[in-house]
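**Student:** This is the structure I have questions about; it appears just below.
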């Protein structure tokens, strides 16, 4: 082996002569066929596996390599590390030896034991020419070594700029940047950008960014920003921020780059990096001052006092989007919270912007103007929406470094970087705070949050269809430049960009297919995607976009045809592509996504964005239509009064669908519809009637509009109307209505409840309610135009089971003055709060309406288990003052004290009659004119009715015919009743089981009592009264339930007689019931606790509360009949609470009440026979009474079980 070692030593020492001699001996030995001389092994390898060719390649001697190759040395011989001579030649970076080896057919992609090919070594050590030659000889730059690094990775890791440029210019650049040969799940996975950032190679990073590498690509350690921050590479951090890296991305250890700097570094460089990251992060940290949660809002952020919240963005409705990171649990929570519950704990250093509100009042969405930055203000009005990435332009001011901790330096907004999604890996959106105190218009295609524009009621804006507003529609300045709206996109865009010296980007916008309206909705990500990569330019263009004022251009209706929709968007050229792809209807187009657009062939970014904006508008309109249908939105629209569009609450995180203001409380919760209506209407503006809906659409669910609404007072709701009905009681839309009407907020849909307040109608206009009466809950009818013929306010009950004719009726007044008053009826009422009564009662006047609250919802009748009974007060307390002799009423009864909730409690105010035209068949829930002149009234309430919420109640009432043309002689007030019916019996505690029925029958049946004695106010009746109840119609009540009539009459008089007020005092007033009828002005209805009232000359009856037991009053539906209604005499009132121990006495009173009801029916029969109607009405009345007795007996049985 001596000669082989000599050869290796000679090659190693570069002794060409010695090598030549040894090689020559090898040649001579080959020529000799026989000889004792042993042949020289040219491929001999030492202990390390090195051969002579290895040493020659490593030394770079061309002569030695050539000699060895001539001597048949193996060109791809491997050493102990698997390295070949080409590896060493490439490592040395000498071009000619590499060329020589390559000509000798060296393997260019042969890998060593650690997986490296010669190109790895050439790239790692920056040998540009060698790398270029290897690439020319088909070396594969995508091969990875055992550390999962490509030649580009090594070049970037070691800062080999020229080699990196060479590799980036190769045809496999995209594969290198994407890392196709790498597994992202590998723990050693890395990218060239990470390696360059870790080692601080700024120029290499610039080349990588220029080549289009994903700046936010993440590895186990995070993004490249994490690496640069951890290793203290300040300039690299600044460069990455300029490139638009997302500073809020967390690594697998749930750390941001700023967290890493705070935890692991303390150098001067780290302090600078902290400064840069704080400026770039867009972070405003606040601390919660108190607990806040909203279980009904899935988008709400539930916080506890002391929680530190990172503010991400500002929602247009005034709420802030925050993020809470719980380090102990390793969880993150993102949601919206009102800014009034937090205080600022850290402020970003940067450009001073608007201060945070110090008062606990959230930002309201009623700002109808977009903030316009000053000419020298470097802070752009970045729109909310997709959370832009942060970048800092080198030529843009970085803010005042001395303003750390100052109140105004809340931070600066950075422009966005690449067009990739800024969604964090933890599933929560990250981004920056929109720090202006005013909501900014959405420029993101992802935002479906209309309603930024909130006109005040005085704006008198015309009504627009649902979801007709788009964010930021009305701005403070006119369109700039003017031709933006004229479709000359190229010239308009060029002129616009020329205003801030960036006209060089005109081609970028045009090539991407953007026109001016779509530019107005661009985000910083969109700007990056079209090639605006310079952060300073991107920031400037974004700020100018935010100042654009472009009128609404998206169609605010759902077109029938796809082509029509595309033409409205200005993209009819895609009709064929959409149809051929199967999107041939509007329903299918509404579900388009970005990915599907690319598959279809819509490749221009501007066209994609415009189509997606149109798709979002379709979704908004569809949601708006569904919302309108759910609330009974009809087609009829009124033109009176101001129009408001209400935004829907963020129920599931989606933006609602209707535009307009949302009036908020100090914690950002929505005000009730009534307060919105009152605040929007200024307290005096009459609101128009909303369109009606059918009873099948009326349900409790229509009232359940999200959180916090269960105790709200509803907005007035008119009854179902059909303008085409021949005998409607509605004025045409264009005619003036005789009284002011109520309306819910436009766009919100009609509220499912009606509250019309009967009242006195003097010749002078009715004054408004005093401050004690809540305006939002009480609407007054207007005074009549002609004093002699005051119109009556329209009212109707809420029928739960409505006949067909009622479907076609319209709400409103009859044409011309209507004189006959409506008969009162029984209805569900609820007890108002004591505070409401105390506020209302002392200042009530005869012309004041009553505060109203919601009753039960309309619903189709259905059978079911009884709902839970309402809570009741044990009794009624209150007093009434007798009405004055001139017909005006005193203060209302029952308004000064608590009262029990009532079901059937009519009020007895009267109105002076006026001429009225006969009407056709009306709904059984509407009161027809009657000669007694008793207007309708509704009970009202201040608390929830559980059984009303269940929607199981059913009122069965018969249609009542209209009376004859009224006479000019009015009558004193009389009482008539329509009692509601329930298909279930509400149970009460045993000691009070019979009290509800007894008090209900007191209201109904005492009108006919003929018990003798001076204490009976009914003993003096009109001469035309029919015979006594001895000749009553067939009665099917069980004797076991109803005691004898005499006993019941006497007990009834003892219970119902008011002590100290003898009955005959009511005689003079009652004697006029059918004789001369003096003019009596209308008495206003009682306050929410509507009590029965007997007007008389010398009586002061006590209030009676009618309990919540439903009575059946059901009978055949009648055709309209002529003739005056009988005048039921007034009844005395109960003096005080009813003791629970008088159960037997209540049963007796029940009997007398039934007897009185029969007498009232007989009086009605007598009156009708005398006035000329046929006997059919008599038969129907008796049938009604009989049917009512049947249901009443069943209920009595059930109650006594």
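Each residue, glycine too, has its Cβ placed from N, Cα and C.
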**Student:** Among 418, 763, 874, 1040, which is annotated phosphoserine in Swiss-Prot?
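**Tutor:** So the answer, going by Swiss-Prot, is 874.
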**Student:** Quick check on the record annotations: which of 409, 520, 669, 1009 is tagged phosphoserine by Swiss-Prot?
**Tutor:** 409
**Student:** With respect to Swiss-Prot, which of the residues 403, 412, 877 bears the note phosphoserine?
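**Tutor:** Per Swiss-Prot, phosphoserine applies to 403.
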**Student:** If you check Swiss-Prot for phosphoserine, which of 835, 875, 1048, 1076 comes up?
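**Tutor:** That would be 875, per the phosphoserine annotation in Swiss-Prot.
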**Student:** When the repeat 'ANK 2' (81-110) is classified with DSSP, how many of its residues are helical, how many are strand and how many are coil?
**Tutor:** 17 helix, 0 strand, 13 coil
**Student:** Can you work out the mean pLDDT of the predicted model over the domain 'SAM 2' (557-621)?
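**Tutor:** Per the prediction, mean pLDDT sits at 84 for the domain 'SAM 2' (557-621).
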**Student:** When you measure from the Cβ of residue 253 (phosphotyrosine), how many other Cβ atoms are you left with inside 10 Å?
**Tutor:** 13
**Student:** Could you break down the residues of the domain 'SAM 1' (488-551) into DSSP helix, strand and coil, giving a count for each?
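**Tutor:** Going through the domain 'SAM 1' (488-551) residue by residue, I get 42 helix, 0 strand, 22 coil.
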